[in-house]
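First comes the structure, then the notes that go with it.
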Amino acid sequence: MVRKKPDWRIEQPRDEMSPLSPATSTPRWGVFLCGGIIVLVGIMAFYNSFGGVFVFDDNKVIKENPSIRQLWPPQKVISAEPGTTSHGRPVLAYSLAINYAISGLETWSYHAVNLAIHLLGALTLFGLARRTLLTDPLRERFGKASLLLSLGVAMIWTVHPLQTMSVTYIVQRAEAIVGLFYLLCLYCAVRGASSPRPRWWYSASVVACALGMASKEVMVTAPVIVLLYDRTFLG
């Protein structure tokens, strides 16, 4: 009879949950349900904006802007008149050019894209808030209620009156676009901190930051916010 050699290695205790991973007790269907609620409420709040007409800077940036009449070459699309909302913001300019290719000067597609950007931002905020509440400094106090609390945060973001202009005023989608990329930049950085393949998440964070900077200048503050978040919640 062969005796097994004793294993003197000390097995390290396994954490029940990594600092940034969603609680194992949270069902995946609950997350998808919350996402569906956010989208439904957002559509209900803003669906009547689809019939809105061009107002204020919309006329200068869309109706009177020949640069968005084609999708190629890129330098032509982003050559908006200096002083207009889309000047120096290629992501905004290209989004308007795509809308023009879809519906010309009919406003429904422009409003649909505005709402889609807003809803994507709300969903990203939901995910970011939930993972923040599950970090070490906050998990003990808020972990069990993280799903409902993050849903509440995202719902307030979705229907708050301050969001009205960025959804219903077409060229002010610049605010919604930079908000989306700002949140994506931070969310991807947070995911990278707990992922077994962090390179992809960190790369996505850098791409989101770059696209945000091509949307509006305020995005330049995003790297600082990522560092502050890391020091506060992950460090």
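Here the Cβ of each residue, glycine as well, is placed from N, Cα and C on the backbone.
What TrEMBL lists as transmembrane segment is 29-47 (among others).
The annotation domain 'Glycosyltransferase RgtA/B/C/D-like' is assigned in TrEMBL to 90-229.
What TrEMBL lists as transmembrane segment is 108-129 (among others). Within the chain carrying the transmembrane segment (108-129), a Cβ under 8 angstroms from the stretch's Cβ atoms is held by residues 34-35, 38-39, 42-43, 46-47, 49-52, 62, 95-96, 98-99, 102, 149-151, 153-154, 157-158, 163, 166-168, 170, 173, 176-177, 179-180, 183-184, 186-187, 190, all 6 or more beyond its ends.
Residues or ranges marked as transmembrane segment by TrEMBL: 141-158 (among others). Nonlocal intrachain contacts for the transmembrane segment (141-158), taken as residues 6+ away from its ends with a CB within less than 8 angstroms of a stretch CB, comprise 22-23, 26, 30-31, 34, 37-38, 41-42, 45, 118-119, 121-123, 125-127, 129-130, 133-134.
Under the heading transmembrane segment, TrEMBL lists 170-190 (among others). Residues 20, 52, 54, 56-58, 61-62, 85-86, 89, 91-92, 95-96, 107, 110-111, 113-114, 117-118, 120-121, 124-125, 127-128, 131-132, 201-202, 204-205, 208-209, 211-212, 215-216, 218-219, 222, 225-226, 229-230, 234 of the same chain sit 6 or more residues outside the transmembrane segment (170-190) yet have a Cβ under 8 Å from a Cβ within it.
Sequence annotations record features per position, and here TrEMBL assigns transmembrane segment to 202-229 (among others). For the transmembrane segment (202-229), the list of distant contacts is 89-92, 174-175, 177-178, 181-182, 184-190, 192: same-chain residues at least six beyond its ends, Cβ to Cβ under 8 Å.
Averaged across the domain 'Glycosyltransferase RgtA/B/C/D-like' (90-229), the predicted model reaches a pLDDT of 95. A Cβ distance under 8 Å defines the sequence-distant neighbours of the transmembrane segment (29-47), meaning residues of its chain 6+ beyond its ends; these are 22, 115, 118-119, 122-123, 126, 130, 147, 150-151, 154-155, 158-159, 167-168.
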